[in-house]
Amino acid sequence: MRHARIPLFLFLLFAIAAAWPHSAPAAPRAEASADEAADEARAGSVAIEIRAQARGRLKKFYASRGFWPLWASAGKIGSEAQSLIGFLETAELDGLKSSTYKVDDLREAMESARGGDPRQIARAELKLSKAFARYASDMRRSPKVEMAYGDEDLKPKKLRDDEVLRAAALPKSFKDYVASMEWMSPHYLRVRKLLAQSVERGGSEEERRRLRLNLERTRVLPGPWTRHVVVDSASGRLWYYQAGKQQGMMKVVVGTPETQTPMLAGTLHYAILNPYWNVPVSLAQKSIAKKVLSGRSLKAMGMEVLSDWSASPRVLPPSSVDWAAVAAGTQQVRLRQLPGRDNSMGRAKFLFPNDEGIYLHDTPDKDLMAKRDRHLSNGCIRLEDARRLGKWLLGRPIKAASKEPEQVVALPVGVPVYLTYVTATPTEKGIGFLNDVYNRDL
């Protein structure tokens, strides 16, 4: 067999490297390494005990992580356990019973684990996981408020213990996940804190009733680790979340008291660029027909007449319409506004299946966003910054390929959107409520 020749410069390089004196690691680092090794050994002993003690769904979860502890580190139960106990002791705020979670047993198990016995640490570890999984799952029960679902998969459902724990183990900081109740929406945690304040300072029954009603509305919202959009029709604001954080927020215009934006959850699947706007029949009668009768051109208004309400209507000349009959309400006509700068849909709309015909869309009337009360639409949601939301939804800048009307752009993945109504809000004085425009707090 022929041997490959090593180039001279490589041979010299290897020789120098071999002869170079290697200094011994610093003593503090050696001590740190020894401590780390001891911690790993303790954790390994705890893992062996977890494997021996775990049963059912808990065993399935721990097996998926090599039986490594979730609550214990360096032979000690972490501070996140105290955060959990704080929530369990006040579970009545969530409409649950603290006694269900046997907090005294948890405290006893944690106290027994203080001695460092791997068997006791594993026992406390499993009790904490069991209590946490049950509590988080109980909180996901169906709320006691009306909510329409355009997507049945978004209905709250109780989760298995291993599902709850797997979701909790994914974030970088389990400690922060528990302390901030990140399996629930930030909106839920905010209202829960207000309810706790009310109970602590002896607020009125009426105040607590409204707070609990608001809490129920936020119960259906997912935690920030789920990619989703929330629209609050009480405050006229929209938030979007991903990877444990709020990624953005903007103002929105929502329905009037007469044309309310419903409580609704669905999944956004696609955007339409350069959209048409189908003019409501009532608007055609009360406004457009009268303008045409006064001599205004339909073309100048950027509109056209369609033959019917089918998916493929014919365009008709405006002269074919009896505008006086339309204005009188004795005849109906289908009108649509052509795409363009002044189109009521703006440059884009974002659709999700629902029976109410609700969607999110751009708007040319940006001045409306400066208003304090933005209950001004027919029910749909007008966006302050459709481009920004579109970029987040699509993962790239939202831009039409041409001026062609109604360009459909599928989202890379469906994104849940929740339309809610939260009047409870923190104030400088403590607890406040926004104006109950829709009378849903009654």
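Yeah, the Cβs are placed from backbone N, Cα and C, and that goes for glycine too.
Per TrEMBL, the feature active site, proton donor/acceptor maps to HIS361. Taken from TrEMBL, the feature active site, nucleophile applies to CYS380. If you look up TrEMBL, you'll see 227-401 marked as domain 'L,D-TPase catalytic'. If you look up TrEMBL, you'll see 1-26 marked as signal peptide.
The Cβ of CYS380 (active site, nucleophile) has 21 other Cβ atoms within 10 Å, all protein chains considered.
Note: the Cα of HIS361 (active site, proton donor/acceptor) and the Cα of CYS380 (active site, nucleophile) are spaced 8 Å from each other. HIS361 (active site, proton donor/acceptor) falls within a strand segment according to DSSP.
Summed and averaged per residue, pLDDT over the domain 'L,D-TPase catalytic' (227-401) gives 95. All protein chains included, HIS361 (active site, proton donor/acceptor) registers 23 other Cβ atoms within 10 Å of its own Cβ.
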